[in-house]
């Protein structure tokens, strides 16, 4: 698993390096009569990144089987992670549409329950206090900007 | 004016009532961050950076920067303080620089001396903080005078040295650390080029023209990354917390720990000044040093008070020492100081030699507030240690979603864009998987902060030499920095080849 990640990772970083090299060729190569343009730094870094990735790839093959699979003892909870990640993505996407208070409240209540909070009343109170509290303090006291309640609610 | 005169002015800034409040909030949150196992100093500072930005938005720019820095630095050294509490009471270090403290601290707690261990850690941290600050006051002026003589070539090489140092010590694999450094530098090139005004790698996406926001990436990688780690790997086992008992240490304890505290502070300070080393290494070294020095080394690991006093002093002194290269040279030597530097840049304040002449209010105000913050910490920690021990019991099912919500709020409040929120989540996922596979994050953040400065200095140097790269080797100071940078990378490799264990700094 670990070696696999390193191999894929090294290929990925090499690709990133190649991309930066290729794209830096489209940037003008001089500025104000100086011979040193905005292209040289990303170009050079791209080359270094590719070299380093190749070295990492070589290292993973050198280690080969010798590296033992030291997986952690406790079961990894990817399912819980995916649910919370999905909730976070959704939260971020609807934040501007639903407004700060509603989306934060919904996200927190869901995430609290997902993380194993038994008492739904307590979770509800904490979520409500946080979302309304942050909104009132930030927008009304500190005059900051957060999306308010959606217009179609008519409040 | 002498340094002391400046320091007095700094105290005037730090003693303004709102700055006292900021310092207090900073150390309070910092201690909580240090106590909570989920978040370390780096994610704590990153998480609070946007929040402070919105808190200080009503102030004039210069004093806003000073207040924000006072709060964030408070979080930084407050976390160093708080980290010891969990090490001693739970045998779980709150952050990596307190790992060594568990060895003797937990043993002391089991023998019913938890209170003594906690208070010695607090006193040691206090003394160390003072030592680091006094040194900072006297070193700040000469160092920034020296740095003013640097040209672009010297600066380029010096920054390269900083990056190499952090990469050389930054993780289990140096190759991976270097990859992260270069990736950080590359990400920094995205956006409008500051010298020529050419848009690079933007693909006509408007959000990319101003570049990837440092704040978003830092919060994502550190705060969200650690949250995701807790979600995936948390085994939900509840450990028993040992009762604190009597807080004040006995005279015997104080006598035994006076030496270790002094030595730990000095050693920690000098390690902290070195780029790349940082608090974790400092605590390891001082522990080993005390064990070697002790008349009866067998007592270590069985509840020797010196084994708590020395590393706790060392890690605090190191965090003070790490401020020196940041403030005087403008070069952060660790992940946390890189984030502090990002915060300064957010306020348009360029750390470095000119900081002391251009913004004395910020530089000396910060230094003075660290004096005050240390006093506050001592006052907070001695009587309130039992209260802080309670924070550990905060149920993680409330804590974790709240950290996510605070990250989202913070980034949105500063950036007001959904693009940055999506970037935040992506960085969080990347942060978790990269750390899990030993790709260290600190070098990436450092590269991201230093990227524009390195590039500008390189191009300025090359412009004066008409594109001739030998300018970096012919200037003696620059050449010396480059040699040091190379040695920093080669020596660990060499030691590893000879089969020696190289202590690496996970916090860096």
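The chain as shown is numbered from 1 upward.
Every residue gets a Cβ built from N, Cα and C, even glycine.
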Matching range for TrEMBL feature annotation, transmembrane segment, among B:302-325, B:326-349: B:326-349
For the transmembrane segment (B:20-39): best-contacting stretch of B:116-140, B:152-170, B:361-380, B:477-495, by Cβ pairs under 8 Å: B:361-380
Maximum Cβ pairs under 8 Å to the transmembrane segment (B:59-79) - stretch from the list B:116-140, B:177-199, B:266-289, B:326-349: B:326-349
Most Cβ pairs under 8 Å with the transmembrane segment (B:152-170), selected from B:177-199, B:326-349, B:361-380, B:401-434, B:477-495: B:477-495
Segment-segment contact (the transmembrane segment (B:266-289); the transmembrane segment (B:401-434)) at 3 or more Cβ pairs under 8 Å: no
Sequence-remote partners of the transmembrane segment (B:361-380) [C-beta within less than 8 Å, at least six residues beyond its ends]: 6-7, 9-11, 13-15, 19-20, 23-24, 26-28, 31, 62-63, 65-66, 69-70, 73-74, 77-78, 81, 122-123, 125-126, 129-130, 133, 136-137, 140, 320, 323, 327, 344, 349, 355
